Amino acid sequence: MGAGKVFVNPVLMHDLSAPFFFPSLSTSSLNISSPFHSGSRSSKTFKPKKNIPEGSHQYELLKHAEATLGSGNLRMAVMLPEGEDLNEWVAVNTVDFFNQINMLYGTITDFCTEESCPVMSAGPKYEYHWADGTNIKKPIKCSAPKYIDYLMTWVQDQLDDETLFPSKIGVPFPKNFMSVAKTILKRLFRVYAHIYHQHFDPVIQLQEEAHLNTSFKHFIFFVQEFNLIDRRELAPLQELIEKLTSKDR
């Protein structure tokens with residue numbers, strides 16, 4: 001499976017502690033209240049929401065995840081519940097993160113355009129070129145909205161594939177499931193990175209920073225718990241990650 005390549009430009013160096021990059025993380029902005037499942041939130045999404053069938057075991061796992069998130073202890077909330085299958089836990093959370101990022105990006109699509117974001121980047125040092133290994137085998141340079149459209153469509157296709165993400169009880173996960181999940185999560189991280197680097201001002205204007213910070217902190221704790229993303233891939237937001245997670249070590 002091909003992966004979107006990361007191009008690091010060594011000439012364009014930037015002070016990653018610059019104020020435009022890192023949000024001011026007040027206590028309120030780190031409130032862990034699982035806002036993504038609240039009925040009061042905007043229902044606008046970039047792609048259709050991926051639903052887990054009610055009554056299924058995965059649906060029950062999702063409800064367990066939501067309940068533990070409400071406790072405010074994210075480190076505990078991401079841990080594998082006793083007696084549960086790791087693949088199924090990763091699958092349920094991967095679907096949930098897709099829905100969260102889908103909603104977050106959906107709120108700022110008016111600001112992420114061909115004109116404002118002619119390349120898919122996370123600050124001046126990181127540029128992403130798209131390839132999926134099947135339809136587009138050679139990495140192509142494209143705008144951020146085009147890249148994210150490719151990315152979210154690709155993720156959607158993986159989540160809808162019953163051979164990769166089985167929703168029926170008793171249907172086994174494929175042997176390469178964890179590898180697929182890691183690729184999905186690695187690519188979803190790039191949407192967070194783009195939003196933080198390029199669109200944090202509109203996020204503040206829309207009063208979405210608490211939701212973004214909470215979602216990203218949850219995402220990072222989850223991938224750290226199960227070692228799902230290589231540290232090098234997290235480099236564009238490393239200082240933010242350290243700031244968000246330092247109080248929970």
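Each Cβ is built from the backbone N, Cα and C atoms, and glycine gets one as well.
TrEMBL annotations: computationally assigned, not manually curated.
Straight from TrEMBL, the features:
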| type | residues | note |
| --- | --- | --- |
| BINDING | Cys112, Cys117, His194, His199 | Zn(2+) binding site |
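Summary of the Zn(2+) site environment: with the site residues Cys112, Cys117, His194, His199 set aside, the chain residues having Cβ atoms within 8 Å of the Cβ mean position are Ile108, Phe111, Ser116, Ala144, Pro145, Ile148, Ile195, Gln198. The number of other Cβ atoms within 10 Å of the Cβ belonging to His194 (Zn(2+) binding site), over all protein chains shown, comes to 25. Listed in sequence order, the residues of the same chain lying 6 or more apart from Cys112 (Zn(2+) binding site) and placing their CB within less than 8 Å of its CB are Tyr105, Ala144, Pro145, Ile148, His194, Gln198, His199. The Cβ of Cys117 (Zn(2+) binding site) has Ser143, Ala144, Pro145, His194, Gln198 as same-chain neighbours under 8 Å, each 6 or more residues away in sequence.
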